[in-house]
Amino acid sequence: MNPIATMMFLTSLAIGTTITLSSHHWLLAWIGLEINTLALLPIMTKTPHPRAIEAATKYFLTQATASALMLFSCLINAMQTGEWDINTPSNLTTNSLSIAIMMKLGLAPMHFWLPEVLQGIPLMTGLILSTWQKIPPMILLLQISHSVNLNLTVIVGLTSVLIGGWGGIGQTQIRKIMAFSSIGHLGWIITILKLNPQLSLFNFILYVVMTTAMFLSVITLSTTKMSQISTSWTKNPALTTTIMLILLSLAGLPPLTGFPPKLLIIMELIKQNMLISASLVMLASLLTLFFYLRLTYIITLTLSPNTHNSTIWRTATKPSLVLTIINTMALTLLPLTPTILFT
């Protein structure tokens, strides 16, 4: 793709996100989301492969459906309340607005588009879809968190954690694994949204950091399958080890970055006397833990029989400074958790 066109589309992504984040008007927020969607479609199809075209079509249809439902809800809200302010949704339209935004995020049971779309696009575009494109809908949900239905968020959150773990168990493709990982993590975030929006935002920030670290690492190694990561040990043993630790961080094991949000969410659910929800979300997360541990085993404890130990075959890939910083943050932010929550 022409560099000027790429820059134009990336700028449009930034503008769409900025419009959504800075608006107090539902129509402006909707326009920002539409600019985001339309700017990403050419980036998804920059390699004219049938799978990329199919992924872009699925993404467009899903986002268009969610946008239509969101605009319809906003119109009904404006008719009822006489204003377009984001912070004052009516009781009638809150549920439909929440469902439309959750569809844009890819939460279960509106998640079917996400694994297929991620599998059909390049890794760098998958990084944008898994992190940057989640920011505007998530901020909108946080803005209306005071009026969302608690039962809806808990049910969708528990379903997403369960689907995220169950769907990822049999996967070997990195992009599909990251899609189900995204569904699971967003399920944790939505579960606590009504009770503690600040904790949801904290969890979302750490999710973005860990997902970015994972995608940048596999982009550096130019791998799309787990078996390719296991054979990349001879090329870059440090980065392969880091990928293994990032997977454990995504699983939420201490003392890595992914542990504090899960611990704090469980503590908040217990504090709110939602013991059944806390127990269910912990049991559902065991599925996720299982497939992350399985992937860790594939990466570190299995080597191809054709792997040669000689340094002659090493074609080392040099990690960039950005990758180093992101990977460090994805592994070592546990001691800084109180500071981050305080700020």
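Here the Cβ of each residue, glycine as well, is placed from N, Cα and C on the backbone.
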From 6-24, 101-119, 177-195, the residue range that TrEMBL assigns the feature transmembrane segment: 177-195
Range among 123-144, 321-342 that TrEMBL annotates as transmembrane segment: 321-342
